[in-house]
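Enquirer: Pasting a structure here, questions to come.
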Amino acid sequence: EDHPVHNLGEHSVCDSVSAWVTKTTATDIKGNTVTVMENVNLDNKVYKEYFFETKCKNPNPEPSGCRGIDSSHWNSYCTETDTFIKALTMEGNQASWRFIRIDTACVCVITKKTGN
């Protein structure tokens, strides 16, 4: 909306919002729900864990789905994709660095309408 490229007529098919967030729980790379450590103690200093996440502002920016998709031939919607990053976590009573799932982008998913 207020991004400079919008002045050039360029628009994203899916609007996203990015922010630094904290987490209390997450899904690890094995699919387990783990507790994310709020504070990390390294060299007698306490650090807070932050994660940079990108999420969809709206799963349907247009009534027909993603912006700019021909809705007469395609069904579409916006959804988040993710990646794995390391975080200090607890599973049971064991603390360790694990890869956890973080939302990193908002993308458009399309499927061809049947009968066209």
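Glycine residues also receive a Cβ, built from the backbone N, Cα and C atoms like all the rest.
Quick paste of what Swiss-Prot says about this protein:
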type	residues	note
DISULFID	CYS14-CYS78	disulfide bond
DISULFID	CYS56-CYS106	disulfide bond
DISULFID	CYS66-CYS108	disulfide bond
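Help me understand the surroundings of these features in the structure.
Expert: Of all Cβ atoms in the protein chains displayed, 25 besides its own lie within 10 Å of the Cβ of CYS14 (disulfide bond).
Reduced to three states, the DSSP call for CYS106 (disulfide bond) is strand.
CYS66 (disulfide bond) is surrounded by 25 other CB atoms, counting those within 10 A of its CB over all protein chains shown.
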Enquirer: Cα of CYS78 (disulfide bond) to Cα of CYS66 (disulfide bond): how many Å, rounded?
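Expert: Cα to Cα, CYS78 (disulfide bond) and CYS66 (disulfide bond) are separated by 6 Å.
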Enquirer: If one measures from the C-alpha of CYS56 (disulfide bond) to the C-alpha of CYS108 (disulfide bond), what distance in angstrom results, rounded to a whole number?
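Expert: About 10 Å separates the two Cα atoms.
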